[in-house]
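Working notes, structure below.
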Amino acid sequence: AAAMKNVTELNEPLSNEERNLLSVAYKNVVGARRSSWRVISSIEQKTSFYLKMKGDYYRYLAEVATGEKRATVVESSEKAYSEAHEISKEHMQPTHPIRLGLALNYSVFYYEITAFDDAIAELDTLNEDSYKDSTLIMQLLRDNLTLWTSDQQDDDGG
């Protein structure tokens with residue numbers, strides 16, 4: 001490819017053979033890079049997918065763990081989801097199924113594990129009217145989450 005580049009810089013018309021050689025040389029150079037890029041892209045997708053799974057399984061553990069163990073698995077889940085999110089933002093289109101699935105599961109984590117628990121812990125500090133409004137909203141959130149997760153399971157064939 002370097003030799004053919006030098007030939008083109010002479011500003012002389014290329015023969016058919018030279019044009020074909022130039023085309024083949026650059027096709028081979030670009031083809032090797034495209035192949036390398038596909039491998040890297042595949043690795044990034046797999047990494048994001050497995051980190052998402054890791055976050056999911058820690059989230060499942062957080063649903064049943066208590067005390068110090070719960071805090072540890074919540075932190076591990078957050079870390080895995082966060083790493084997967086950073087990789088997917090950098091290497092995947094916003095519409096990529098892995099990236100979208102990650103967004104859904106990460107939002108479930110925030111709802112089920114962090115936000116909902118935080119809200120429940122504060123319910124006893126509310127006055128009666130606020131308590132009713134807050135519990136209604138929390139129930140609507142839980143209903144939406146149930147709907148979203150059942151839709152995702154249907155789409156996954158499960």
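Every residue gets a Cβ built from N, Cα and C, even glycine.
For the region 'Interaction with SPATA18/MIEAP' (1-158), the mean pLDDT of the prediction comes to 82. Sequence annotations record features per position, and here Swiss-Prot assigns region 'Interaction with SPATA18/MIEAP' to 1-158.
Proximity of ARG34 (site 'Interaction with phosphoserine on interacting protein') to non-local residues of its own chain (separation of 6 or more, Cβ distance below 8 Å) is seen for none. The site 'Interaction with phosphoserine on interacting protein' annotation in Swiss-Prot covers ARG34 (among others), and the record cites similarity to another entry as its basis.
Look at Swiss-Prot and you will find SER48 (among others) tagged as phosphoserine. According to DSSP, SER48 (phosphoserine) is assigned to a helical segment.
Residues annotated as site 'Interaction with phosphoserine on interacting protein' in Swiss-Prot: ARG59 (among others). Mapped onto three states, the DSSP output places ARG59 (site 'Interaction with phosphoserine on interacting protein') in helix.
Residues or ranges marked as phosphotyrosine by Swiss-Prot on the basis of similarity to another entry: TYR60.
Summarising the annotation, Swiss-Prot assigns phosphothreonine to THR72 (among others) and lists similarity to another entry as the type of evidence. In the three-state DSSP scheme, THR72 (phosphothreonine) falls into the helix class. Annotation for THR72 (phosphothreonine): spatial neighbours ALA65, criterion Cβ-Cβ under 8 Å with sequence separation of six or more.
In this chain, no residue six or more apart from SER130 (phosphoserine) has a CB-CB distance below 8 Å. Among the features that Swiss-Prot reports, phosphoserine is placed at SER130 (among others).
Per Swiss-Prot, the feature phosphothreonine maps to THR149 (among others); the stated evidence is similarity to another entry.
Remark: SER150 (phosphoserine) has no non-local neighbours by Cβ distance under 8 Å and separation of at least 6 in sequence. Annotated phosphoserine per Swiss-Prot: SER150 (among others), in sequence order, evidence recorded as similarity to another entry.
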Spatial neighbours of SER48 (phosphoserine) that are distant in sequence (at least 6 apart) but have CB under 8 A:
ALA84, ILE87, SER88, HIS91, MET92, ILE98, ARG99, LEU102
